[in-house]
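Peer 1: Could you have a look at this structure, given as structure tokens, before my questions?
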Amino acid sequence: MNTWLNLKDNVIIVTGGASGIGLAIVDELLSQGAHVQMIDIHGGDRHHNGDNYHFWSTDISSATEVQQTIDAIIQRWSRIDGLVNNAGVNFPRLLVDEKAPAGRYELNEAAFEKMVNINQKGVFFMSQAVARQMVKQRAGVIVNVSSESGLEGSEGQSCYAATKAALNSFTRSWSKELGKYGIRVVGVAPGILEKTGLRTPEYEEALAWTRNITVEQLREGYTKNAIPIGRAGKLSEVADFVCYLLSARASYITGVTTNIAGGKTRG
């Protein structure tokens with residue numbers, strides 16, 4: 001067990017923890033001895049329920065489901081030490097697509113609402129339900145997983161970028177509201193990462209189309225041309241920093257969203 005962050009026995013909720021960044025965060029928290037409460041639609045197959053891990057099948061876009069899950073966690077543990085708002089969806093779309101048949105890659109209401117419901121409303125529902133308990137405790141940490149897109153915008157991802165920009169605003173505003181209760185609110189904005197399991201061929205095809213390049217050019221440009229450090233980030237690099245923010249070692253950090261982008265995004 002790795003104990004340098006002193007997260008042993010902390011009760012920490014991670015949304016979207018079945019794959020990608022979320023799974024990397026879950027793995028690191030478990031290595032630190034935390035009691036991880038993983039919220040997702042699907043549980044994945046790496047971890048199974050036990051003393052230090054519990055999977056909750058919850059639709060975070062439903063305020064009712066979220067409250068029921070948080071109530072159950074509080075009933076079991078009597079406290080919540082940390083929340084990582086990681087769950088999110090992204091459907092690359094252009095505002096106007098005059099080239100694809102029938103506007104295949106044009107932003108539509110269904111895609112717009114799905115991204116807003118998960119990425120924005122889901123974070124609101126989770127944070128409010130958890131913050132009510134943290135206010136009673138006079139302690140806690142909320143980490144919002146944003147994106148470089150939320151800091152600088154992104155071609156073909158306007159709605160996704162807008163939802164992530166909203167998270168950055170949540171982080172700034174909630175830190176001011178909750179600081180007096182001993183609650184910190186912080187964010188991370190990952191850049192281009194190694195394949196996460198969420199970047200499907202369909203996703204890459206759509207994103208490449210919105211930028212008028214090939215999938216091969218997309219991959220080449222991402223890793224070699226756009227990042228000063230010369231490589232994509234590792235999931236573990238994001239997870240390590242998130243766990244640091246959850247720990248008392250970061251006790252004077254609140255209200256900021258930190259880039260983890262290899263120098264690609266500045267601001």
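Backbone N, Cα and C atoms are what each Cβ position is placed from, and that goes for glycine too.
Features from Swiss-Prot:
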type	residues	note
ACT_SITE	Tyr160	active site, proton acceptor
BINDING	9-38	NAD(+) binding site
BINDING	Ser147	substrate binding site
Peer 1: In whole Å, how far does the CA atom of Gly17 (NAD(+) binding site) lie from that of Ser147 (substrate binding site)?
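Peer 2: Just about 17 Å between their Cα atoms.
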Peer 1: Can you count the other CB atoms that lie within 10 A of the CB of Gln37 (NAD(+) binding site)?
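Peer 2: Excluding its own Cβ, the number within 10 Å is 25.
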Peer 1: Ile21 (NAD(+) binding site) has how many other Cβ neighbours within 10 Å of its own Cβ?
Peer 2: 26
Peer 1: For Gly33 (NAD(+) binding site) and Ser147 (substrate binding site), determine the Cα separation and express it in whole Å.
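Peer 2: Cα-Cα, rounded: 28 Å.
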Peer 1: At a 10 Å cut-off from the C-beta of Tyr160 (active site, proton acceptor), count the other C-beta atoms across all protein chains.
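Peer 2: Step by step: centre on the Cβ of Tyr160 (active site, proton acceptor), count other Cβ atoms within 10 Å, giving 25.
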Peer 1: Compare the Cα of Ser147 (substrate binding site) against each of the binding-site residues Asp9, Ile25, Gln37 and report the nearest.
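Peer 2: Smallest Cα separation from Ser147 (substrate binding site) among Asp9, Ile25, Gln37: Ile25.
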Peer 1: Measuring CB to CB from Asp9 (NAD(+) binding site), give everything in the same chain under 8 Å that is also at least six residues away in sequence.
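Peer 2: Looking at Cβ-Cβ distances below 8 Å from Asp9 (NAD(+) binding site), excluding near sequence neighbours, one finds Gly33, Ala34, His35.
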